[in-house]
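One structure is given below, encoded as structure tokens.
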Amino acid sequence: MSQSKLPSALKIGISRGFLEVKQFMRQRESVVFTLLFPVLLLLIFGSVFKDEIAPGVTFSQYFVAGMIASGLVNTGFQQLAITIPMERDDGTLKRLRGTPAPASSYFIGKIILVFVSMSIQVILLLIFGVLLYGIALPSDSAHWITFIWVMLLGLISSTLLGIAFSSVPKSGRGASAVVSPIVIILQFFSGVFFVFTQLPSWMQNFAAIFPLKWLTQGMRAVFLPDSFAAQEVAGSWELGKIALFLGIWSIAGFFLALKTFRWEK
Amino acid sequence: MSSTSSAIEVHGLLKSYPNHVAVAGIDLEVKSGEIFALLGPNGAGKTTTVEILEGYRSRDGGSISVLGVDPANTDLRAWRDRIGIVLQSTKDAADLTVEEAISHFAGYYSNPKDVDQVITAVGLSEKRKAKGEQLSGGQRRRLDVALGILGNPELLFLDEPTTGFDPEARRAFWDLIRQLKNDGTTILMTTHYLDEAEALADRLAVMTNGKILEVSTPALLGGRARAKARVSWSENGKSNLELTDSPTQFVNQLSSRIDGEIQDLSVTRPNLEDIYLEMIGEKV
């Protein structure tokens, strides 16, 4: 038998992360769709809705915060819930399972992929947001700290829930049809495309169960002037509640992912 | 190295699906260092059996030992480090080059083979920069084999390894498998090709309907060594066939009866395929 030790799950996971990013970048359609689509939406919405929704706050500014939040859901939840069933179909998962790599290495690889693709999206959105729509970047560390923890909690909950939900579609081909409508409806209900407080209250209450609503609110706390907090449902940013909801979803996602993840059809 | 002389031991293996029994209580032993072929028609239970041994599927009954370990309840990481699996048909990693895929997966094992050596061994040196999707069926299969042998396995599973190969590629592949055997690798393979089993296997088993009909060697399977020879020839525009235990004597008699060359004379023994088809109940 061999004398050397097996590489650690983390080491294999990091190497998977690099590989996943490389493979992702090679699929031109998915690069364009995932990375540029949010920017495209921003350009469309920005040129249609030019009004101010509150003194000194344009809809475009509001929309940038929403798009960053929904980018987390798109790249984490939606992408994974669609691509994992595809990898189950094409044998990627079966091959992995036949090697000494543990499932956690696969998950680590996915988290790295989501992180990289999300970072690129955020940077693109901020560049266009600042240049075209006069988004003000936070000037103090408190706002940046909020940005970082909302991003991280969003990334974790979205990735884990995507892994968990990947067991629902029966095949890779049908996955998009199952997953995309859920995300689109959540985007409408959570105040990405419309100002949240203008939505019917049943919609608001429904959206408040899911992470996206809290992610958009957290991003508004970062990118909109503090005066806008008075316009929110609770009259404040509710940062504690945001952390609580995203934290609960992250923990739930962790256990769901562990429990439901399937290697094979 | 494991001290036992068998790489795989199976007793009373049982596996049922809601509507049928896939594996109906089989016994099987694969000795260390041998090439063992599992033959049988589609649906015989070969793949189910092999996938249970590979740790992919659970079983309903029986005991299994693969390299001294029960794949159902063990730290599979350390065990998987010692086995190699070549699955039936794959289409993953299509956007990675041969070189990228092999060097990536090498990072999974405690004691991987040298990446360049593996690429050369499977004959993909000229395709090392080609992506998976650009490979022919046979080249793609060789990439699968490369990934299967990468971890220096003590035991290699090959599930229908040469399906879709041209004859030349198949010969090259056989040489590779023989080389692995010479290096001490135990190999359990399933195949549809009887000539492949005959060329490679030390021993083989024929499986139908979840049961093993016979375990033997290619030379002895189904009483092949004792089977009568077929002598066929033409005489007066009519073709004749004689089954005999003493073909030499028979041909001698023919020769003395017929003047000059005997037309269309041939003496054959049933080949492995004839024996196999007879065993699984199909007309030759």
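A Cβ is built for glycine as well, from the same backbone N, Cα and C atoms used for every other residue.
Here's what TrEMBL has on this protein:
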DOMAIN    A:29-264  domain 'ABC transmembrane type-2'
TRANSMEM  A:31-49  transmembrane segment
TRANSMEM  A:61-86  transmembrane segment
TRANSMEM  A:107-136  transmembrane segment
TRANSMEM  A:142-165  transmembrane segment
TRANSMEM  A:177-196  transmembrane segment
TRANSMEM  A:242-261  transmembrane segment
Request  = Take a look at A:61-86, A:107-136, A:142-165, A:177-196, A:242-261 and tell me which one has the most Cβ pairs under 8 Å to the transmembrane segment (A:31-49).
outcome  = A:107-136
Request  = Using a Cβ cut-off of under 8 Å, list the residues of the same chain at least 6 residues beyond the transmembrane segment (A:177-196) that approach it.
outcome  = 45, 53, 59, 62-63, 66-67, 69-70, 73-74, 77-78, 81-82, 165, 168-169, 203-204, 206-207, 210, 212-213, 215-217, 232-233
Ask   = Near the transmembrane segment (A:61-86), which same-chain residues lie under 8 Å Cβ to Cβ, leaving out any that are not at least 6 residues past its ends?
value = 34, 37-38, 41-42, 45-46, 49, 53, 93, 110, 114, 117-118, 121-122, 125-126, 129, 133-135, 151, 154-155, 157-159, 161-163, 165-166, 168-172, 174-176, 178-180, 183, 186-187, 190-193, 195, 211-212, 215-216, 218-220, 222-224
